[in-house]
Amino acid sequence: MPSYLTRQKTRKIFSWVGRPLPDRKHNHQIYKEMRMKVNDCSTEIHIKVGQFVLIKGNNNAKPYVAKLIELFEDGSKFHSKKCARVQWCVRFSEIPISKRHLLGRKPAAQEIFWYDDPDCGNNICVETIIGPVQVVALAPDEVIPMDQKSEDTLFVKLSWNTKNFEPLSPEVLAALKKLEDSPKCQKPLEGKSKNVKNPSWNATEQMVKRIESSHSTSKSCQTSAHPVSPNARKPLELSDSDIPRKPNMRLSQKILCDSLDSQKNSKRKTAFSETASPPKRCQPGEIKNLSPLKTLEKNGQAHSFCDKGSMILRAQDPSFITTKISMERALDPVRSRLRPSVMLTSILTPKRTGREAGKQEAHTEPTRTSHRVHRRSSLLTLNRIRQQLWLLDDDKSDQEEEESISSAEVSDSTSEEEDDSIPSLLKRNSQPQSRNRRMASKPSLQTPSKTPKKTTHHPTPQIRGRNIAVQEPTSVLEEARLMLHVSAVPDSLPCREQEFQDIYSFVESKLLDGTGGCMYISGVPGTGKTATVNEVIRCLQQAAQTNDVPPFEYVDVNGMKLTEPHQVYVQILQKLTGQKATANHAAQLLAKRFCSQGSQQETTVLLVDELDLLWTSKQDVMYNLFDWPTHKGARLIVLAIANTMDLPERIMMNRVSSRLGLTRMSFQPYSHNQLKEILVSRLKHLKAFEDDAIQLVARKVAALSGDARRCLDICRRATEICELSHNHGNSLGPVTVSHLMEAIDEMFSSSYITAIKNCSLLEQGFLRAIIAEFRRSGLEEATFQQIYSQHVALCRMEGLPYPTMSETMAVCSNLGSCRLLLVEPSRNDLLLRVRLNVSQDDVLYALKEE
């Protein structure tokens, strides 16, 4: 649909029509009709009760749609206010993304849905009304017409009750059908214009203005001849309805001919003989005016432009395209109206140089012989040009060339009389054509590629399928490993009952009140913050399905997944509306959505995880997230999660921390009893661990960090170690304390220590040589030659064969690639400087013999 009046900064004046009916109960004055007048315009639009209107919203291109139920003036306040009670209709883009799949089909572009929600506010201010709109009601079995002439017509056939789509009730459908049959609500009533002119002169002036505005290079300077209401702004259409139908058409036709003939003295005259001379190129700064051109027939008579005229549009780009417009107007004796028939033909002419054009003109002047250019030859030339352009151009240019050829073929099927009256604009040039033929027939010297150059425009997206089904766990340890995974969703969330109840009560109260709020949740990693909030949202969604709480939209963003803090606006907007926009534009749209009072919008619950990663120097992202819920009428609930407990006091500005409010919650680290309860609830009835092993890992993790994720990872690693020991010959049994101790040592030890323990004997000997050289020299740096001498001495002491210089250099390079050593990036060989990337104590701890 085209853009509406909300983009135009004009002032509209609303006034009542008729006498009011008093409503003493509500202190209202009820009206049945109102008048809307745009400032500095004489056109008025009358809107009555029962009509559908467009109302200003967040998106100017897609305003809200509603049906007027009542017009009244509220006198309860100090200043009376013009108000209206409406019945809302929603577009498909206004429905939450998570519920759009319930429609089961692709909606039409002009389809709206009857909004069946009794809790939705239906009182608006009449100043937010843009104008009337036509809405057609359809039965469920009817098909939405696709060939509708008016783009402003909307169709409704289903209703939306915030849960699913249903057909319109018989009462609503009958009322809408009755409204369509009523003639008073079909079109807006416009007031009479102040300026009244002669009908014939109006018709002539409009046609002249339309011709000048459609062919002039300065279209912005042309103004309309008659005042048009800004509420009825539409794109210009070339149809029968654009030309006013007046009774005296012969007089207007005569005036049009006189006005066009009067311009011949000031404009360039061009006469075409049967052999057309090559047109001259226009200067870049020249304004090309169009004048009626006389066509000379064989008998020498010149026809008037009004009977049959042909205008040549010369493109400013002197390359290929010359557009020929032939306009015929015939008077219909039955309906007494002017019926224009417009024929557009695009002819491609090969580009000529100035020398060839001069020879052509010199050769044409003395001869004056008559030659007729056949359309078949022009089609052959077009085909050759198309073949060359197809090799050089992309798919878009190919489509344009096919359209030009199709238009030439259509013009070829016209009658002989029309073909004789059209002057010949295309002259064959044998030399360029022969060159083009040789170029087209010459084979390519490049090696043909095996893959095609052009890919399919609409590839079908597919998800990779599994060739083999997922194997079921074959042992108790495998099943326990699946249950202990961090991403596995448990049936219940133990040890966080109080925090769950506090968050649930906070969000539920905001949903019931229809207000916004913010809660700050902090705690060390692995204490169940995100899992608890997700469980709260899941329970609230189930309650919304049973009508225990109002429906809401849920959006979650994670600061860890964002490349830049301002991208959080883009993620929120895309998940809410499905639109893609830049960060600044998305911030403006979200501010308009949350800060303005949207009566029919659902409450939005926003979860912002890893809030501390959204910190910026100006802190504008955090400020906006905490400021939006504080606005009046903003139905936004923000749940912010961060790992820093004192984030508001430590890094936030005062203006940001004040917006955060006093609703805060802190998740304490898990104790050993809570960790043990979490492990038992995960394992359920499986006997995969000994009781002492579970007690040991719970106490170890609780003493260090209290991170439940770390506890689950240690238990999963212990099951792998237990299976590995079974493969070595031991009996398969539950995980013991020894298995857990080995897993704990791996988890809490450094990765460098683990890498040193897994090094080869030669690499460990090289590390010992580095430690010996550092102790000898007292420095933390040594050359490769010094370390090699120490390595050879250590090998002789232990009775091992010492490696060669090349083997030792390879060992040094390997340890440097593992980042255990800091090696100089040069080719100094023996003088290469080497340093340790870990402490000497860690190296000695990893190399000690157990």
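Just so you know, glycine gets a Cβ as well, placed from its N, Cα and C.
Here's what Swiss-Prot has on this protein:
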- V489, G523, V524, P525, G526, T527, G528, K529, T530, A531, E610, N643, R709: ATP binding site (BINDING)
- 234-245: compositional bias 'Basic and acidic residues' (COMPBIAS)
- 353-368: compositional bias 'Basic and acidic residues' (COMPBIAS)
- 395-404: compositional bias 'Acidic residues' (COMPBIAS)
- 45-171: domain 'BAH' (DOMAIN)
- S259: phosphoserine (MOD_RES)
- S277: phosphoserine (MOD_RES)
- S291: phosphoserine (MOD_RES)
- S411: phosphoserine (MOD_RES)
- 209-286: region 'Disordered' (REGION)
- 349-376: region 'Disordered' (REGION)
- 393-469: region 'Disordered' (REGION)
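Here the features listed in Swiss-Prot are painted onto the structure.
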residue	record	Cβ contacts under 8 Å, 6 or more apart
V489	ATP binding site	none
V524	ATP binding site	N643, F667, P669, S705, G706, D707
G526	ATP binding site	Y670, S705, G706, D707, A708, R709, R710
G528	ATP binding site	L493, C495, R496, E499, F667, Y670, A708
T530	ATP binding site	D609, I641
E610	ATP binding site	N558, G559, M560, I641, A642, N643
### Task
Determine how many residues of the domain 'BAH' (45-171) DSSP places in helix, in strand and in coil.
15 helix, 56 strand, 56 coil
### Summary
In this predicted model, the domain 'BAH' (45-171) has a mean pLDDT of 86
### Task
Note down the number of other Cβ atoms within 10 Å of the Cβ of R709 (ATP binding site), including every protein chain shown.
14
### Query
Which whole number of Å gives the largest C-alpha distance between any two of V489, G523, V524, P525, G526, T527, G528, K529, T530, A531, E610, N643, R709, the residues noted as binding ATP?
22
